[in-house]
Amino acid sequence: MKPLPEPCNSEHQKKGSSAAAPGEMPSAEEAKAPPGNTELRTESPAQVNGFSVPQSSVTGAAASSPPSPAHSANPQLPREQWGGKYEFLLSCIGYCVGLGNVWRFPYLCYRNGGGVFLIPYFIMLFFTGMPLFLMELSLGQYGAAGPITVWKCCPLLKGIGIGMLCVSTLVCLYYNVIIAWTFYYLGSSFQSPLPWSCDAIANAKLCRNNTNGTLSPSEFFWNERVLGVSHSTGLSNPGPVRWQLALCLLAAWVIIFLCMLKGIRSSGKVVYVTATFPYLVLVVLIIRGATLEGSLQGVAFYLTPVWGRLANAQVWNDAASQIFYSLGIGVGGLLSMASYNKFDNNVIRDTLVITIGNCATSFFAGFAIFSILGHMAWRKGVPVEKVAISGPGLAFVAYPEALALLPGSVFWAILFFLMLFMLGVDTLFGNMEGITTAVLDEFPQLRSNMKYKTLFLGLLCFGFYLMGLLLVTNGGIYWFTLIDSSSTSFGLIIITLFMCLGISFFYGVNQFCQDIVDMICLCPPWCTKVLLYFKACWVFFTPFLLLFILTYIFIEMYRTPLKYGQYIYPLWGKALGVCMGAFCCLQILIWATVAVSKESGTLKDRFQKAIRPLNSWRVNNLNGSTQEQHVEPERIEGPYTVNLTEVDFTAMAWESSEA
């Protein structure tokens, strides 16, 4: 256990003086002893597992024994920490507040009953989003480890960390393509008039013949100039790579590489700009939108309640999926960023600030989106629902077209796409941090050598770039949609469900709550009361709601075809998407089997050993400052007790029978 501030030290000294009960976490002193080594205590007379041993022989053995490998052969490297609590908060807010807040939440809100949608949305936030968010932050901060290494607390569940890594890999693969599209639009925004507006000479014919069967200038620019989707027939015929997008994708990965080169020391400074700039842009867009004709109709369409929608299961599923989509739960980014926190950081306070702030941003962004879409509908003389769409279509078709109608359209377009770029980069930081932290924790030699770490990060970004080239072909949007819909579907829900059940029933929800109290140390009264609420969620409410979401996803997957526009995905394409999700969640079963097979005894004994925390679990809480205070076993002088392991005791009995 990492040493705590002074008021908490006496409590931990009491814990260390008593043996851990079966199924409980080992005490701090027990955790310091590496597996297979003897545990040293200051006690008299000297005994070995109940057998009297001459004290001189024990003392001599201790004096002649080599240094403990836990402290000299493989020393614990100091772990980086955030430069301040605001860096962590801004990084988490930037990670959570992403493109989904701008292009997904407002659309879901109007489609599912306007203001009524906020009821299931906040219910899902309080009973699934917040509890799982706190669970990830607490695991990462307490274990000071990434998504894989942190499961030393329960080796049976190591597959959850591997599954998170798989999901995060798929998300990083397609998410930077969005940033590449944003780059392309940002570069095009420096032209006057905008190339997707009716003022552009190339679009004069489209604007004159703008009927129901003709593409609008913004649709033509998106489908033909950016995607080239008309030159592809589907998944089986992606066509050549579009070199403009390939260059934009390369620039995006170079920026990500440079920002993450020095780990949180560099990305922690970048978020001061990337996490705050989008809020400035949203405020400016809301003020501008409020002055436009027709903006009130757009806002009314956004918020008008339709109470009958509450009885529809899809509304509740959309609310839950939006919570997962926007908070970034289950992909390892939160866990990794929290692992660089100070041990006594108040994770409960951070959870409340970040989750409520994220959802408030989603609601706030709806006013910026629908006020300008309302003006666009007024200019065209059509209902608002005719121009309100979701996903890339909102960010790259409807909203740019609305911006083109404003005076000073070039300025507003540059501002909007800069905001999209900042939102995308922050979210990608979190996902990439989950991958790099997991690998660096498994191979700590990379962390200590800047040359090797740079080479690893460079190869990782270049590998993602090469794989992402498939998504910037003429038919890349079909592959983009497939990966997007598959990576965050049932696989992600299963991973978070097992994480919740594993911590609650295998590690122990009481032990987990105690770990949180130990971290906060001087826990104010409101924290302990809130923790009781989270405890009830982890044990009952959150697993129940996750099962509901999972059931609905499987039903929809069976009866709803996957499509993009008018293109319906073939059966083999849909099966490929299912395989992506299944591959992520199957890691739980595979690595649980590995963990059980490594143990000895009956199946029940193997299972019980596999859910028991490793001796090195709490050792991960050591950092540079605490290592100086750590007492080396070789410096302890007798008289003391030496407790051997079960293997050593069996070996003693075998030697006596041989004699």
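Note that Cβ sites are derived from N, Cα and C of the backbone, with glycine treated the same way.
Non-local neighbourhood of Asp426 (Na(+) binding site): Ser91, Gly94, Tyr95, Val97, Gly98, Val271, Thr274, Ala275, each in the same chain, at least six residues away, with C-beta under 8 Å from its C-beta. Sequence annotations record features per position, and here TrEMBL assigns Na(+) binding site to Gly94, Val97, Asn101, Ser326, Asn358, Leu423, Asp426.
What TrEMBL records for 44-59 is compositional bias 'Polar residues'.
Positions annotated as compositional bias 'Low complexity' by TrEMBL: 61-75.
Cβ contacts within 10 Å of Cys198 (disulfide bond), excluding its own Cβ and spanning all protein chains shown: 18. Here TrEMBL flags Cys198-Cys207 as disulfide bond.
The region 'Disordered' annotation in TrEMBL covers 1-76.
Packing against the transmembrane segment (88-106) from elsewhere in the chain are residues 82, 178, 264, 267-268, 271-272, 274-276, 278, 302, 322, 325-328, 333-334, 337-338, 340-341, 345, 350, 353-355, 357-358, 361-363, 365-366, 369-370, 388, 390-392, 394-395, 419-420, 422-424, 426-427, 429-430: each is 6 or more residues past its ends and has a CB under 8 Å from a CB in it. The transmembrane segment annotation in TrEMBL covers 88-106 (among others).
According to TrEMBL, the transmembrane segment annotation covers 118-139 (among others). Away from its own ends, the transmembrane segment (118-139) comes close to residues 109, 112, 150, 153, 310, 315-316, 319-320, 322-324, 327, 329-330, 334-335, 338, 347-348, 350-352, 354-355, 359, 363, 496, 499-500, 503, 512, 515-516, 519, 534, 537-538, 541-542, 545-546 of its chain (Cβ-Cβ under 8 Å, at least six residues beyond either end).
Per TrEMBL, the feature transmembrane segment maps to 160-186 (among others). Sequence-distant contacts of the transmembrane segment (160-186) (same chain, at least 6 residues past either end, Cβ-Cβ under 8 Å): 99, 146-151, 226, 244-245, 248-249, 251-253, 256, 330-333, 335, 392, 396, 400, 413-414, 417-418, 420-421, 424-425, 427-428, 431-432, 434-435, 438, 464, 467-468, 471-472, 476, 480, 483-484, 486-488, 491-492, 495, 498-499, 502, 580, 583-585, 587-588, 590-591.
Taken from TrEMBL, the feature transmembrane segment applies to 243-261 (among others).
Residues or ranges marked as transmembrane segment by TrEMBL: 270-290 (among others).
Look at TrEMBL and you will find 323-340 (among others) tagged as transmembrane segment.
For 352-373 (among others), the entry in TrEMBL reads transmembrane segment.
According to TrEMBL, the transmembrane segment annotation covers 402-423 (among others).
Per TrEMBL, transmembrane segment is recorded for 455-478 (among others).
Look at TrEMBL and you will find 490-509 (among others) tagged as transmembrane segment.
Under the heading transmembrane segment, TrEMBL lists 530-555 (among others).
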- Query: Which stretch from 323-340, 402-423, 575-596 shares the most C-beta pairs under 8 Å with the transmembrane segment (270-290)?
  - Reply: 402-423
- Within-chain partners of the transmembrane segment (490-509) [C-beta distance under 8 Å, separation at least 6 from its ends]: 23-25, 131-132, 135-136, 139, 153-154, 156-157, 160, 163-164, 166-167, 324, 329-331, 535, 538-539, 542-543, 546-547, 549-550, 553-554, 557, 580-585, 588, 611, 613
- Item | Output field, Na(+) shell: CB within 8 Å of site CB centroid, site Gly94, Val97, Asn101, Ser326, Asn358, Leu423, Asp426 dropped | Ile93, Tyr95, Cys96, Gly98, Leu99, Gly100, Pro278, Thr361, Thr427
- Message: What residues elsewhere in the chain lie close to the transmembrane segment (402-423), defined as a C-beta under 8 angstroms and at least 6 residues from its ends?
- Response: 94, 97-99, 101-102, 178-179, 182-183, 185-186, 189-194, 196-199, 217-218, 273-275, 277-278, 281-282, 284-285, 288, 292, 372-373, 375-376, 379, 387, 395
- Would you mind listing the long-range same-chain contacts of the transmembrane segment (323-340), meaning Cβ under 8 Å and 6+ residues beyond its ends? 79-82, 88, 91-92, 95-98, 100-101, 104-105, 121, 124-125, 128-129, 132-133, 136-141, 143-147, 150, 161, 164-165, 167-168, 171, 264, 347, 355, 358-359, 362, 427, 430-431, 433-438, 488, 492-493, 495-496, 499
- Excluding the flanking five residues on each side, which residues at least 6 beyond the ends of the transmembrane segment (455-478) place their CB within less than 8 Å of a CB in that stretch? 172-174, 176-177, 180, 227-229, 231-235, 237-242, 245-246, 249-250, 253-254, 256-257, 260-261, 392, 432, 435-436, 439, 446, 564, 567, 569, 573
